[in-house]
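**Student:** Summarising the annotation, TrEMBL assigns transmembrane segment to 14-38. The domain 'AB hydrolase-1' feature in TrEMBL is assigned to 129-370. Under the heading active site, charge relay system, TrEMBL lists Ser209, Asp335, His364.
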Amino acid sequence: TRELSLYLESQVRVGFLGSGVGLSLVLGFGVAYACYYLNSIAKKPQLVASNDRFCRFLEEYCPVVTETYYPTIWCWEGRVQTLLRPFITSRPQVQYRNELIKTADGGQISLDWFDNNDSSYYPDASTRPTVLLLPGLTGTSRESYILHMIHQSETLGYRCVVFNNRGIAGEELLTPRTYCAANTEDLEAVIHHVHSLHPSAPFMAAGVSMGGMLLLNYLGKTGRDTPLMAAAIFSAGWNVFESVESLEKPLNWLLFNYYLTTCLQSSISRHRQMLEKLFDMDLVMKARTVREFDKQFTSVMFGYRSIDDYYEDASPCRKLKSVGIPVLCLNSVDDVFSPAHAIPVETAKQNANVALVLTSCGGHIGFLEGIWPRKCTYMDRVFKQFVQAVFEHGNKIFSM
């Protein structure tokens, strides 16, 4: 009996792991998980482009789009990446110069400039390459993904300007009008304004989420008649009908839709006195989904007969065939904001100016990588390499 009690005491002291059984299980699980990750999670993105010259250009000057993307090993799932990115990624310090410009209808638009006057690569401001940045649905120049794009541009010597949608960045609404993904008038005014200030500077744009949708709709409308050399699009919602349907699934509504709706309501509540002239604001503030908000507010503001008419007009997939300059579009196929089946792969193959980069993981504006993904994301690296490729080697694709 004494021997048995001594044996049991020794086992308690050694513990589960110390016995070797637990350690073996942990090691076995680790090896199995690593094998699963390397075989099923870490993959090369799918590059969709019909133009061989564009493909070769990307392979040579933007090689990140052909390399294996290794998402953060402990949070590779799309929803998790989407939720964690704003909290995990750092926020580089950026000093902006604000400019308010007037619009034809009497409104105003807030632009935040990062002039990069210390640029050693491009000391002449008149020819310093300029990147116009378009944030997402309720985003401003203070979003972490915008700050990282500016940080990447700063290291390359470029100038950036952020287009904040009306009423979103602290400025007052002078007319009862905000913004939407379909109406490109404000973006056209901004592009014309920036180009007129620096007509000799190479000029391109990058849009994220709704900013990407707006930019694509603008490019589909203008074709080649734009001062932009090229554009980069990140996590765009290609088909708004499919996007809102995906966001209305119970888990997605709980995680994203309701929060987004409250953000939209918050963005207009401070302008309530101006907007009450045209809208039943009590009804707008009762919306519980993005679709309800758009039905009561956005589609009405921009004169659509129905929300379906607005969503059809706002969907970039319908304009992609008319894009007339080189465009690189990054999406993750596990993005609940833009379901994989709604990505217009076949349409993209019909336009020599378009290249799609589709990752298996990354979520919506996630694309986290590394063990502790505080700094550079895969999206940041795509942005940096493509922008540099366009500004420094763009002549190789502009003869397409």
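Glycine is no exception: its Cβ is also placed from the backbone N, Cα and C atoms.
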**Student:** Under 8 Å between C-beta atoms and at least six apart in sequence, can you list the same-chain neighbours of Asp335 (active site, charge relay system), or say none if there are none?
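**Tutor:** Result: Gly78, Thr82, Ser235, Gly362, Gly363, His364.
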**Student:** Taking the Cβ of Ser209 (active site, charge relay system) as the reference point, list residues of the same chain whose Cβ is under 8 angstroms away and which are at least six residues distant in sequence.
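**Tutor:** Listed in sequence order: Pro135, Gly136, Leu137, Gly139, Phe234, Ser235, Ala236, Gly237, Phe337, His364, Ile365.
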**Student:** Counting every protein chain present, what is the number of Cβ atoms, excluding its own, within 10 Å of the Cβ of His364 (active site, charge relay system)?
**Tutor:** 25
